[in-house]
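Accompanying notes for the structure given below.
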């Protein structure tokens, strides 16, 4: 079976969804820009030799509808002979895109693929057009479809206090701001043109949503966002609303060698699991455990972790039950996470994987694990190994 390697990985800056830098930029343009950028950064790859494009997107309607993967590929002027498909596993969509492409390569159906994902949450809100089947109420609580309330449930079950959530949220912003200041995101961000507050076209090469001034004290002043009476989860301890895209160029190991391309890492294992929708945020725990089992590794073998921060209230129980609380500042979300950078749904899996690869290289870690929760009760994880 072919080994799957990551040759390159990039992302856009994360733009603020409400009146932010990308308010006049469409999701297809963000996607096409990254497709073009990957190919221009790797000129030995003939676009016509791409076997497929797998692109994650959750809200597949309006500008994100009608197979945005193909629309973006056409905008990027990739040859018409190259197919493209849009993948939807809610929050795990672009990581699922990576898994789908990797399997195609493993079994010999592909040699070179572009994968990635996008979500413009300013143009297509998360709840746009959602219409759950009434019959679901017989099996699933209505609150299970309300992500903030599932986070509240996990906080109660695991004894995660409001103060713990606010401290973790402040850490996310502080670490993301420090990473930006130190230039640690420069290796992964590809500049994109957007518009400033006055509508003037501007080149953006840094994330717009990070709030460096965030403190525990400022977060403690916020009201609960989902349970106004007994809640502990606030807007400040939830992932920010942002717009963005991320992408990777992946190949079989033999194809990369044939083209003289240096592989940054290989996929060691992949896993997807289901869990109770009422605690959907717990999905990273069983997903990570299964991915580690398939890789023949233990949690101690992993040098760096990226765990998507949908909510501090769900991230902390996962960190606790994975046995990482005492390693938090050594191994977990070292450049901050989605609380600071935002969680553009279809983008995030590729985004955290891209950030993980750069952290693995910077810290000379052999193994890294990226994992995320998924709405309605799933988890997804990928173990990467540097080559």
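Every residue gets a Cβ built from N, Cα and C, even glycine.
Here is what Swiss-Prot records for this protein:
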type	residues	note
ACT_SITE	91	active site, acyl-thioester intermediate
ACT_SITE	343	active site, proton acceptor
ACT_SITE	373	active site, proton acceptor
Among the active-site residues 91, 343, 373, which residue has the fewest other Cβ atoms within 10 Å of its own Cβ? 343
Residue 343 (active site, proton acceptor) - helix vs strand vs coil (DSSP): coil
